[in-house]
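Below is one structure, written out as structure tokens; the observations come after it.
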């Protein structure tokens with residue numbers, strides 16, 4: 001009888017304890033990409049970035065404005081609309097920014113329209 005009572009109490013304690021044990025999901029992170037390097041070069045800094053699905057990239061106007069970040073449909077995953085994630089509006093003021101959250105894994109190549117010819121191109125890899 002005592003053995004059965006001990007097993008029953010142990011089971012009850014385990015059930016109650018399970019309510020207090022939770023798995024914390026990975027928190028999404030925000031990464032910053034500077035538009036224009038600190039040295040005054042026409043480039044994204046960093047030019048390549050690897051993030052996780054659900055993370056956000058914040059583009060910040062740093063130097064040599066104006067800048068934007070535009071994606072081509074041929075250089076994003078098939079399930080993603082380049083138009084929806086592009087920021088075609090130019091930013092002019094230092095510190096001005098915009099963000100994009102990347103939900104789909106894959107490789108995303110983007111560029112700054114005014115400075116594409118100067119090589120201002122970047123790549124984001126979403127795992």
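A Cβ is built for glycine as well, from the same backbone N, Cα and C atoms used for every other residue.
Swiss-Prot lists 1-28 with the feature signal peptide, giving sequence analysis as the kind of evidence. For 29-127, the entry in Swiss-Prot reads domain 'Plastocyanin-like', with the evidence type sequence analysis. Positions annotated as Cu cation binding site by Swiss-Prot: 67, 112, 115, 120.
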With the Cu cation site defined by 67, 112, 115, 120, which remaining residues of that chain have Cβ atoms positioned within 8 Å of the Cβ centroid? 35, 36, 42, 43, 44, 68, 111, 113, 114, 116, 118
If you run through the domain 'Plastocyanin-like' (29-127) with DSSP, how many residues end up as helix, strand and coil? 13 helix, 45 strand, 41 coil
Could you check the binding-site residues 67, 115 and say which one's CB has the most other CB atoms within 10 Å? 67
For the domain 'Plastocyanin-like' (29-127), the mean pLDDT of the predicted model: 97
Using a 10 Å cut-off on CB atoms, tell me which of the binding-site residues 112, 120 is the least crowded. 120
